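I have placed the structure first, in the form of structure tokens, so that the comments after it can refer back to it.
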Amino acid sequence: MCRVFMIAGTHSGAGKTTLSLGIMGVLSKKYNVRPFKVGPDYIDTAYHRYVTRNFSVNLDLFMLGEENLKNLFYKNASRADVSIIEGVMGLYDGIDTTSRGSSAHIAKLVNVPVVLVVDASSMAASVSALIMGYIYYDKDVDIRGVILNKVGSERHYTLLKEVIERDLNIEVFGYLPKDVELELPERHLGLLPVYETENLDKKLEKLYGYIENCIDVEKLMNLTVKPPDFIEKEDRVLKEKKVKIAYAYDEAFNFYYKESLETLEEMGAHLIPFSPLDDERLPEGTEGLYIGGGFPEVFAKRLSENESMLREIKEAVEKGMPVYAECGGLMYLSKGIRDLEGNRYSMVGVYDFEVVMTKKLQRFGYVEAEITMDNVLFKKGERIKGHEFHYSRIEGFSQNASYIVNRPGKEEKWECGFVHKNCLASFVHINLYTYKEGVKRFLDRCSSFGRK
């Protein structure tokens with residue numbers, strides 16, 4: 001049996017992330033906890049890793065598909081003492097107006113019980129009606145119990161617990177009191193990243209104290225499921241010589257899916273982290289580059305001042321080194337970044353365009369793309385799925401676009417996936433786990449470059 005449960009909320013802001021981090025952190029003191037996150041979010045998963053010391057796995061139905069999602073879940077859950085899935089938005093909120101891809105959908109897909117987080121502030125008997133609605137909206141969702149958040153006092157909790165247990169045959173695992181010090185700071189893309197959150201350890205210690213005193217975590221450990229027979233597919237490529245791939249990893253660039261990095265390694269890559277902020281040179285013997293997303297706009301001044309790294313990457317691209325960059329990586333490879341105050345910071349300059357930060361969200365949500373020309377990952381005619389989320393736009397000439405992008409079911413289309421020599425940069429985030437043929441092409445190009 002697998003000890004596993006999902007922490008889902010009645011709505012965004014109910015407190016599921018705070019409770020997920022607290023419960024993961026407390027259980028990690030005694031157990032090997034494997035965290036998961038429904039949806040494509042990078043920032044929440046970084047917090048998961050911080051409190052559990054284990055990479056978090058994204059369970060995104062749109063990008064992975066059902067079989068890949070189930071395989072990833074059971075593969076990782078089978079290696080842990082307990083697995084905890086943090087949901088996304090409200091329990092039944094999925095793609096567009098449906099529940100497809102929602103926390104509820106994923107819970108049913110991988111057959112796990114749900115613990116519902118309820119914002120109980122200023123509520124009494126109404127809390128039962130609210131919970132009842134979530135239980136009966138879809139009876140196939142296995143809601144085993146609730147945790148009450150923003151509770152006014154112990155007396156308030158006692159009243160709420162009595163009402164719920166009187167009206168509903170459901171477990172009340174505990175509560176969190178109202179405390180503004182538990183709130184994590186936010187910015188334009190969601191939570192402030194782990195790297196930038198002040199007094200995080202102090203906040204977490206206070207949270208852990210509440211969890212240990214107010215929530216029955218041992219009862220949560222009794223939530224189990226019988227996993228299906230699982231046989232892990234062997235994708236590892238046995239090569240005497242690994243392909244050396246340097247990937248940008250620091251405060252400015254850290255948006256990577258665990259499965260993307262693992263896929264690269266399984267297909268023959270030797271991954272070497274480097275810092276565009278602090279390192280002067282690329283790692284010795286680098287044969288290819290992977291520059292993920294992040295917040296280069298926040299660190300634009302420091303990035304622009306590291307001129308030796310800017311030159312190093314520009315020269316490598318011009319020599320034909322294969323490079324794949326997503327979102328923040330695209331911004332870094334542009335001529336420059338202009339912030340909201342109009343300040344301009346020079347970047348690598350592989351592409352002729354600049355990236356301008358905007359107050360208005362430019363793109364948000366799932367996208368599909370048709371490949372219109374061969375590049376280092378994809379062949380013309382192939383289709384890919386991903387997501388975009390950025391407050392920035394391109395200004396200037398956009399050369400050699402190899403993607404035609406659209407939102408599923410929408411008519412609007414736009415170009416992306418810009419190609420220069422063996423460099424591909426796009427605003428679209430993808431999960432490389434689903435594109436192993438593309439990874440093989442990329443690594444083959446890198447290997448060929450290394451032999452020159």
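All residue numbers here begin at 1 and follow the chain in the order shown.
Even glycines carry a Cβ here, placed using N, Cα and C.
Copied over from Swiss-Prot, here are the features:
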- 244-437: domain 'GATase cobBQ-type' (DOMAIN)
- CYS327: active site, nucleophile (ACT_SITE)
- HIS429: site 'Increases nucleophilicity of active site Cys' (SITE)
Within the chain of HIS429 (site 'Increases nucleophilicity of active site Cys'), which residues six or more apart in sequence place their C-beta under 8 angstroms from its C-beta?
PRO40, PHE255, GLY293, GLU326, CYS327, GLY386, HIS387, GLU388, PHE389
Specify the count of other C-beta atoms within 10 Å of the C-beta of the residue listed as 'active site, nucleophile'.
27
Provide the three-state secondary structure of HIS429 (site 'Increases nucleophilicity of active site Cys') computed with DSSP.
strand
Over the domain 'GATase cobBQ-type' (244-437), what is the model's average pLDDT?
97
